[in-house]
């Protein structure tokens, strides 16, 4: 089988004789578009890349329809880092800093005392939230610990960020023993050792088929068709207008007076600006009032 160049793709694969499943993802435009409208410190860029990869892999391995949020909160220079994703592999990310961060800052230096919160919101079913202490050197290690604690499934992650052909790129591998399988720790350890041999230039530059052959050429690997990833913010003029209506009308009128009759709202995630004068706001209000009367 052959595939076109695998930028912004996620692949699932299965080791037929090992009862272990895997995933591979590479984020090119998905990652760079996340960074385009922000001037994040280098260490924050790398962390967001790692979180994007982790969110992509988690969304695929959990196999649900809905959204997932991976969020870091701490009392260090990096106040917040959050990634949202869904089953369509549409991803977005945002970070907020409150002090300078060195380019080579470690996770603990950026976060201070913090937690990693994973929120899973299926379209049908109950919402789930897991809180993980950021007590290990990397996001990867914290997530591996999360799977052991919450899913009782041995899981291994390889997550890398860097540059390839002059552009930011992030990529990763996930290995996991199949639930209710006969997979052995020895099988998993063997595949994990092979995964750790992957070089950055292989992870960022090779097509999936070639990469997996280099790593696992002695294994029987079934590779499934890829899924595309993309940066997708999801903001809209309608959402911004409805957000304004959360304020009392007196406060909205004051804002209009202060801003020469036009309120501008900029999406913190993608940078898109939306402008609203009094007429536009009243149109949103009339529509909201109609929906309220209908009980919607």
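A Cβ is built for glycine as well, from the same backbone N, Cα and C atoms used for every other residue.
Per Swiss-Prot, disulfide bond is recorded for 233-235 (among others), and the stated evidence type is sequence analysis. In sequence order, 267, 269, 270, 272 constitute the residues six or more apart from residue 235 (disulfide bond) in its chain with CB-CB distances below 8 Å.
For residue 267 (disulfide bond), the Cβ neighbour count at a 10 Å cut-off comes to 18, with all displayed protein chains included. According to Swiss-Prot, the disulfide bond annotation covers 267-270 (among others).
The Cβ of residue 270 (disulfide bond) has 18 neighbouring Cβ atoms from other residues within 10 Å, across all protein chains displayed.
If you draw a 10 Å sphere around the CB of residue 233 (disulfide bond), it holds 19 other CB atoms from the protein chains shown.
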